[in-house]
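In what follows, a structure is listed as structure tokens, so that the remarks can point back to it.
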């Protein structure tokens, strides 16, 4: 409990990235005390949070001290090793989501096994420990195939599309040298990518957000359109029910994002994340309750807020760094051109290709909103179209 | 300029109340650096801001040190004495709004004189330095009359409605003893109270928000309905034009709130405030750009964001403290009952009658939304209806 107000719990978020930054922003309205464990004072969340602890956000010692000073811990990333999570729980630290849930977000092999047991539609896949496994799999599934690091990947890192046995061998040997477990998946023939988010509280309440379309480039989410244009209502409900089922079955507390491939035969599960997710940044303005607020409400075991859309269509575009670091200097042009546009900047040092913010626009016409969001993102990157 | 990113300016806000708290929240998305000068670490904004300086938020020494470390200062309150503001400007500190504008918000006598010169519709009024002035004024305007402290009042403090010469004498003598200058105003026969807000940038750009209805009790704003139900469009435009004219004429930079009486003969100016204002809290969810973001954009001389409404109707109700300090413990009931409701808690110690937060609901029907907001506010106060 807080020293200042004994009736209010303290939430600690592990990791100081932009997800923690935007969770802090949502937490201000809730009035719960919010702390962040960040690796550096220049981390995105550390720049704006009222209570910042500096330390190793993956190591037992700092996490234990942090956990003991908070009522509940939650996570900005999936990188805390499982043995550390185990020790934290043994020491009485409340983790939400807990270790039992997180291991499915941390390990794609475990996730695929469990999703299969639950009957969730998944790509064909196989664990890989030697190059021959890939070739054998590709004989069935056809080249190219997708190799994935079971742990540690994000934003396209740890994913390789390989078209030949030789290419596969290079990846498998490098992974073996680094002791990274691999799996191979069929390259799904999808028409587009979708994502669906649900919040789940310890009480078991769930709130499912509208299904969105995500546009990925180089493994990075570039754009989100909410709701997914032209999605047939049955498929939307199927996707939401799938996410709800996974949230219950995996024991998720907080936000669960399920990234999906839309195929001729329905949706197929691509990835899971148990935290606020890039595919849900649109909810800050575009839903009655943002993913960040519902993550906190779930973590605090409060009743969840309405995930209902606040406008017919919301479009989010990520803002990637360009060559010129002066993003702020370009605000004047973007804001003057489009007063209805909302800019979110994460305070991160600009590097080419790095996610440094996002923009959001609300309205009626997906194409018009996409054009506005792309225009702003291109301008802010220093690359007007 | 920030030490971390030399291209981003640092805004300093003087005063650590809920207005600074919510301005910080808006500033996170803009990515400008934001600091607050607070009197105590338990001040509303000091609990959540990333950069808190503790000091006397009305005294020259601390304000000067604060100002020298920021690119621009703005204000959570109007209580910095004019001689201090003058010295800050002489020392090169950039104040937005500046001293020339602020003196009209700080001194109701000056405001009335200047508003009169500008032809703005005002109540009849007169300066008061002895009891006889009130009696003479009341002979023309009729009893009761309204006595106001020219400086230092807020939330009904410093305002007295007096019905007799004897009552007036008591107020005037007490004010004289405390060296508080007074004015007397006619008690305006109004049908309801309205408010209109505009943002104005140093560049001279203005953005006018929809005119809202405010419901005051005991001098405290209780509820706001945006836009004001049934307001005829001509009156709405008249009110917006009046606010724009005042913003330009007084040289306001940032938000200007104009509180108005609606009378049979049109609107009459009641009070002015040159900062984010309680009558604009609805804009956080209810407008494309909140008053807090537009205040910052104006202070940073960025193009202003759209003040357009995000829903047909938005209702805000203030949350006042009751006898039981455990507001957080009552969240579960309010959130379970109304998942579409948005709670804003300021982190302030609960005292009976103190403004400790607000709730916002969006929809179509003002009466339904008012009922929901009142219900939540009553419940959170610990006084279910």
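Heads up, the Cβ atoms here are built off N, Cα and C, so glycines get one too.
Reduced to three states, the DSSP call for residue A:108 (ATP binding site) is helix. Summarising the annotation, TrEMBL assigns ATP binding site to A:108, A:148, A:185, A:186, A:187, A:188, A:193, A:270, A:271.
Look at TrEMBL and you will find A:112-300 tagged as domain 'ATP-grasp'.
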Cβ atoms near residue A:108 (ATP binding site) (within 10 Å, other residues, all chains): 26
Nonlocal residues around residue A:271 (ATP binding site), in sequence order (Cβ under 8 Å, 6 or more apart): A:108, A:258, A:259
Under 8 Å by Cβ from residue A:193 (ATP binding site), counting only residues of that chain that are 6 or more apart: A:213, A:214, A:215, A:216, A:259, A:260, A:261, A:262, A:270
Averaged pLDDT score, the domain 'ATP-grasp' (A:112-300): 95
Maximal Cα-Cα distance (Å) across residues annotated as binding ATP, namely A:108, A:148, A:185, A:186, A:187, A:188, A:193, A:270, A:271: 19
